[in-house]
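Step one of this worksheet: look at the structure below.
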């Protein structure tokens, strides 16, 4: 939400454009002129039940009210998204981010069945269909939910899920080879050591990236 003082100036400008006094605007909304004055001075905020009628009187959209400025038609969708995201809190955005990641991990897990198993064709087809649905859902949410940079700015969410993705890829890359079980124990130990080091590096890199995103997003 826009700062109260900035919103107050916007209300004042729109009121004057309509040639309304504070008293006249207050009478139409059923409040006093002192209440309107407090809005315009940034000392208080209109009651949520008054926002829609106030916008109708001032001939502005709710999105313009939330942003505290006029929106050009060509930028309406972009600015509306900004207004919507401003009404959301960070925990909700991070929950959305976790859902996207969980869908992605589920898609990777489901994909292992047709790649590794030699089951019936119908089972493989179902797995491919489920994988496609999960992948599309994750992709759609990632593209349609705005403020991507802020959603990707929680260091712990980024670090943990990035490490999980890395581990899934490494296990798929190494364990899909039939000769894994024939490798000497020393070589298997070395490969596991490489995977562990890779996990740590991947975790640290993503945490650093998330903190950088956070500084530029908030």
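For all residues, glycine too, the Cβ spot is worked out from N, Cα and C.
Residues annotated as domain 'HTH cro/C1-type' in TrEMBL: 11-65.
According to TrEMBL, the transmembrane segment annotation covers 98-117 (among others). Among residues of the same chain six or more beyond the transmembrane segment (98-117), those with a C-beta under 8 A of the stretch's C-beta atoms are 123-124, 127-128, 130-131, 134-135, 137-138, 141-142, 157, 161, 164-165, 168, 172, 176.
Sequence-remote contacts of a segment are chain residues at least 6 beyond its ends whose Cβ falls under 8 Å from one of its Cβ atoms, and for the transmembrane segment (123-141) they are 96, 99-101, 103-104, 106-107, 110-111, 113-114, 117. The annotation transmembrane segment is assigned in TrEMBL to 123-141 (among others).
The transmembrane segment annotation in TrEMBL covers 153-175 (among others). With a cut-off of 8 Å between Cβ atoms, the residues of this chain six or more beyond the transmembrane segment (153-175) that come close are 94, 97-98, 101, 104-105, 108-109, 112, 115, 191, 195, 198-199, 202-207, 209-211, 213-214, 217-218.
Within its own chain, the transmembrane segment (190-208) has Cβ neighbours under 8 Å at 155-156, 158-160, 162-163, 166-167, 170, 174, 183, counting only residues six or more beyond its boundaries. Here TrEMBL flags 190-208 (among others) as transmembrane segment.
Each residue in the domain 'HTH cro/C1-type' (11-65) gets a DSSP state, and the totals come to 38 helix, 0 strand, 17 coil.
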